[in-house]
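According to TrEMBL, the feature NADP(+) binding site maps to C:Arg48, C:Arg54. TrEMBL lists C:Arg125, C:Ser126, C:Ser127, C:Gly283, C:Lys298, C:Pro299, C:Thr300, C:Pro301, C:Ser302, C:Arg324 with the feature FMN binding site.
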Protein chains: 4
Amino acid sequence: MAGSTLGTVFSVSTWGESHGKGVGVVIDGCPAGLPLTEQDIQIYLNRRKPGQSRFTTPRKEDDTVEILSGVFEGRTTGTPISLMVRNTSQRSKDYSEIASYYRPGHADYTYDCKYGFRDYTGGGRSSGRETIGRVAAGAVAAKILQEMGITITAYTKSIGPVEIDYNRFDLSQMEQNAVNMPDPLAAELAMAHLDVCHAKEDSCGGIVECIIKGVPAGVGEPCFDKLSANLAKAVFSIGAVKGFELGDGFDVAKMHGSANNDPFGMEDGHVKKLSNHSGGTLGGISDGSDILFRAAFKPTPSISREQHTVNKSGEEITVSVKGRHDPIIAPRAVVVVECMAALTVLDLMMVGMTSRLDRMKEFWAKPMMPEK
Amino acid sequence: MAGSTLGTVFSVSTWGESHGKGVGVVIDGCPAGLPLTEQDIQIYLNRRKPGQSRFTTPRKEDDTVEILSGVFEGRTTGTPISLMVRNTSQRSKDYSEIASYYRPGHADYTYDCKYGFRDYTGGGRSSGRETIGRVAAGAVAAKILQEMGITITAYTKSIGPVEIDYNRFDLSQMEQNAVNMPDPLAAELAMAHLDVCHAKEDSCGGIVECIIKGVPAGVGEPCFDKLSANLAKAVFSIGAVKGFELGDGFDVAKMHGSANNDPFGMEDGHVKKLSNHSGGTLGGISDGSDILFRAAFKPTPSISREQHTVNKSGEEITVSVKGRHDPIIAPRAVVVVECMAALTVLDLMMVGMTSRLDRMKEFWAKPMMPEK
Amino acid sequence: MAGSTLGTVFSVSTWGESHGKGVGVVIDGCPAGLPLTEQDIQIYLNRRKPGQSRFTTPRKEDDTVEILSGVFEGRTTGTPISLMVRNTSQRSKDYSEIASYYRPGHADYTYDCKYGFRDYTGGGRSSGRETIGRVAAGAVAAKILQEMGITITAYTKSIGPVEIDYNRFDLSQMEQNAVNMPDPLAAELAMAHLDVCHAKEDSCGGIVECIIKGVPAGVGEPCFDKLSANLAKAVFSIGAVKGFELGDGFDVAKMHGSANNDPFGMEDGHVKKLSNHSGGTLGGISDGSDILFRAAFKPTPSISREQHTVNKSGEEITVSVKGRHDPIIAPRAVVVVECMAALTVLDLMMVGMTSRLDRMKEFWAKPMMPEK
Amino acid sequence: MAGSTLGTVFSVSTWGESHGKGVGVVIDGCPAGLPLTEQDIQIYLNRRKPGQSRFTTPRKEDDTVEILSGVFEGRTTGTPISLMVRNTSQRSKDYSEIASYYRPGHADYTYDCKYGFRDYTGGGRSSGRETIGRVAAGAVAAKILQEMGITITAYTKSIGPVEIDYNRFDLSQMEQNAVNMPDPLAAELAMAHLDVCHAKEDSCGGIVECIIKGVPAGVGEPCFDKLSANLAKAVFSIGAVKGFELGDGFDVAKMHGSANNDPFGMEDGHVKKLSNHSGGTLGGISDGSDILFRAAFKPTPSISREQHTVNKSGEEITVSVKGRHDPIIAPRAVVVVECMAALTVLDLMMVGMTSRLDRMKEFWAKPMMPEK
């Protein structure tokens, strides 16, 4: 399975470059019968759209999704769903200079090494626009999960030195500010910090946190396709992610077992963990608690400030990456994180239907039949 | 591809439980022509063997590997390599009590949920012994990488509050102490800390760091099978890992772009990054620098101290997990981390041979021929 | 990997239905550096286009391909290639009657069973239009193979009782007739036979033969991804194929070993089989001879003649599938067969680059570098 | 996924060579809860064992299977099942001569090309012993299918010119004769024919037919993982298979649509095909009828008669493959065919559980829970 395809059963293949004709995704393995409209997907795409605040690139794109296949009379048919977003503002710039050198912090040099040359317009395939396909597919996955009572919510946890305060935590506030922080005061401080970064022609990093509610115990395929491991991969495959942690994450390295272990108790006749240091998995399988993880995003590598680099002729030069850049990646990545989580959880829930013979016999004892 | 299989071309399937007949792995896709003996693999297995110091479980196992297939007259044949280690001390204990309840921090409950029941002897498949298959396969991968000039070295970076000091960093010291720390003073302090943990019937967490040298630029398959993403998955699939970071990791969240970007320069006519905040990848593809990552390991969940849990009858009870347990997981996981890294890098280097048409044409222009 | 995705490294995911917005394919894993234009692909699509003779459905479609991604300045970039053909004549018919019953020989009933309902317009996903994605991807694969000296040629071997005579075999004649037969006399007879079928409101079956020249010895991945096995799957995945044979095929069942074994000899210092009963593989690996296989295509299931079936209310009824149908599938499938063969051979040649350590070391000893 | 691994969810990796330490298989993805003993598997292995009649090689092997993992207290645990058969008679022969030349009809030359060298003892990986892993895994799959009311039966349909007569068809007779023919008279004639082949130091081919009963409608994953296509691949991956056909197979090429289409009717309130020319699939998905296919096996390539070939020094020579060889492959392959069919059907039934959202919601509405 080549590198732009993810998932065992709910399998997605994304395609497209920043300044090509468009970007998109094919979902192979989506179950039949899901009511699906372009609007279901558009809502997610709108959340990642640029040009929405003074902290995002002013590139104007409609990012309008078109469902090309796999939906008939408003429902998914079980056959591949092809989703496309046409690029509309791709010819706005002269990239000949960027073509000649390697931008620090970008994939210019490594793409050139791997493929011999690169699409240098807007970052080509390594552009953030590549995530449109992920988000479009993730929107479908999230809708299926929602029908099964599972919700996924990500938000900006920190921007540079500014972190949300859980005492003020209020998810409804998140969409009220340009930085997707569920804490209005932190959002204010963060925006002030970003203004400073911008003034200094610089950028800064941040952390996105994500919580998944409603996943039943028993999801995950040891010993490699653990829910934890597949989440780590899915999230780490987003450009700019440099760290991932589940539950207590790196803090566990300083903890004692007696504090880190989550005791079990009973609640309404059901087993329930009394704390959630593990972040919702044990042995890589969901334990019925909320799944909680964080991802660290590096600062936007494109900065107006002068930087040292080399050009394709092997000369050391000084460059300043022109244009208006987002000074921060994390807030716009919030919806991407949610979508990668949705793709991961759904795929493992689908595979997980085959774990037990009793359930499989039960399933096939009622054979597949045409709808009435 | 089911959960116990990893890799696109160099594909490994591990099997075995703690107290079954043995543990092992099948490597499907190993290139032909590698000189390989059981000793090559045994060296790696010996590094993870229990009973080697006062900080590891006293279970005595020879962990002797047998090559069952795929090697002929001392060289790999290109066909599947089957490796097996027989369990020898598996009948030493009565597990009926553990069978009746869910140990906090272990996978007992989640395995029961997913599969309906579990092999409760020694943790079954979720035992640390499962990593023997990974290490055996990883030893083969590491040997291939070594023939191409690539070396992988992991070590314990921290144990509880004790961290190595890079001013005293000395890899040769690592094997001189029981905690795999490349800093003799830190090792002393760490061992003292572990003695305290043990006295308190408790355990503690730690961090393993890993450095990969010699990977050429151009390895990794965007946008999902990035070198970074596949490393994250491979490492996160090790039991007890709760955090993973590459290069500056979570620190990037507080950094500015101007500090985090690695400038490019020229050295001996070659492009070279002048710093390595990125940890050796850009856009998920190796950039020719050292690859550097860290993994956080939670404390050993088995502790003698009393804990609260429930039994299978749904009663809340207090338990104390009997026996002598390692008070720390990280040091013994060092070799496992190395092996997961080796499997990941090798698989992507193999897939990466197909990235460019010029190189592929060159390859097949000299057809495959029998050796003289 | 879900059902509409094929290939380990050169991986294709097709999408689209007969009467949806369009059909297409994403190629993930195409090597970088192939000169590729829409015209390269269009040539192949034109060969499968309907409305070209009195033996094909008169549906008029331009079937114009658009390259949406993966090509930059005329060359493939190594990132996913998205290819799309818009459907243009999809609203020409009332399908409400067909929606109500199960056409004999079609997938109506099985799709309803599997997915609960179906896209009943023009056969939906089970339509022959689904092969457009295969042909578009196959055209890319065939171009790569051609650059390595490998050519694939399929043709109609028989139509009903009319078979080509190898004494008159002339490939240049194949495109001169409407039935893709490399024997002008057989073509005449076959067309007369088809006219009779048409007059009787019936259809007939046929055989497509395919020859692949230039594949070096050593391609194929035992013991499951044998070149023979993967060709069988790829060809059998084409709708209407009911039989596949390689080399002497079913005739081997009546042969003796002394006649069926191909003796080896020397030619210009190279090993060469002196006959080719095996059809170009031994042990599932190419042996350097021509690869020769055949596929049997069933008669077009849509016929105007009355047939017995049931409707969705469970009533037995008599139907006549309205409209002008191709009385034969085989000739239009010729290009599809070629394309499935190209996809299979290319994928295995790419995977095959990893078979030997000596070749792999040689490859990486010359690292991936940017083009000059 | 490398070449010795098959299956999306019920995934098997076989290993082992004819004269190595043993042969075996790892099943990754077997559902938990299947009662499984070594005897369940041994029954299948005994059916393929050599040395059972005058028509099979006199090599004596016990072929005793050992379950190494994945079964606890008599039931599968859902974790990988490792199965091994030790080779016991592997040192009986001097292979130095065979090492020096390429046997016609064997994989000697192609293995040498692909891998550079080969395990020349007994055919190494290309030996028929490789099928032991397939049969062991297939026995597990068949047992699961049987629990769901699905049975698979293969038998020898023809040997050289001798074909069974369906008027005398009697499955109970099949195990009464050495050639697995369900027709005692044909068996007699076939054995006489084999005696003649043997006297002439020659071998002959044959056809195996297989019927699968009880597969519900709706199994198969278009457009590539069709039930038909995956069966074709699975069966064609068996060494010596040169042809595969489903239902009417190659005969369809001469049929008219009116004869080839299977009309639908009603039986006991259910849709039922009134004939079965299609062999049990429509559009690559099972249609509820019996699945019926045939495979053509070439004659045993090892014959005592003199043959022309070349040696590794490039000299043309005449050889006679020493030893007592089976004069026919087909009868011993009967059980292998059954097993490949079982692996294919089961894998697609497992994947097929994810086809419909209504069924998936129903499944997860009753969460995975520990057994009482």
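Any Cβ shown, glycine's included, is placed from N, Cα and C.
Annotations in TrEMBL come from automatic prediction, not curation.
Annotated features taken from TrEMBL, shown on the structure.
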residue	record	DSSP class
C:Arg48	NADP(+) binding site	helix
C:Arg54	NADP(+) binding site	coil
C:Arg125	FMN binding site	helix
C:Lys298	FMN binding site	coil
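For C:Arg48 (NADP(+) binding site) paired with C:Thr300 (FMN binding site), the C-alpha to C-alpha distance reads 16 Å. Pairwise Cα distances among C:Arg125, C:Ser126, C:Ser127, C:Gly283, C:Lys298, C:Pro299, C:Thr300, C:Pro301, C:Ser302, C:Arg324, the recorded FMN-binding residues, top out at 45 Å.
Between the CA atoms of C:Arg54 (NADP(+) binding site) and C:Arg125 (FMN binding site) there is a gap of 25 Å, rounded to the nearest whole number.
Closeness to chain D is evaluated for the binding-site residues C:Arg48, C:Arg54, C:Arg125 by Cβ distance, with values under 8 Å counted; counted residues in sequence order are C:Arg125. Neighbour density at the Cβ, taken as the number of other Cβ atoms within 10 Å, is lowest among the binding-site residues C:Arg48, C:Arg125, C:Lys298 for C:Arg48. Residue environment of C:Ser302 (FMN binding site) contains 24 other Cβ atoms, counted within 10 Å of its Cβ in all protein chains.
Taking the binding-site residues C:Ser127, C:Thr300 in turn and counting surrounding C-beta atoms within 10 angstroms, the largest count is reached at C:Thr300. In sequence order, the binding-site residues near chain A (CB to CB under 8 A) are C:Arg125, out of C:Arg48, C:Arg125, C:Ser127, C:Lys298, C:Thr300. All protein chains considered, the CB of C:Arg54 (NADP(+) binding site) has 13 other CB atoms within 10 Å.
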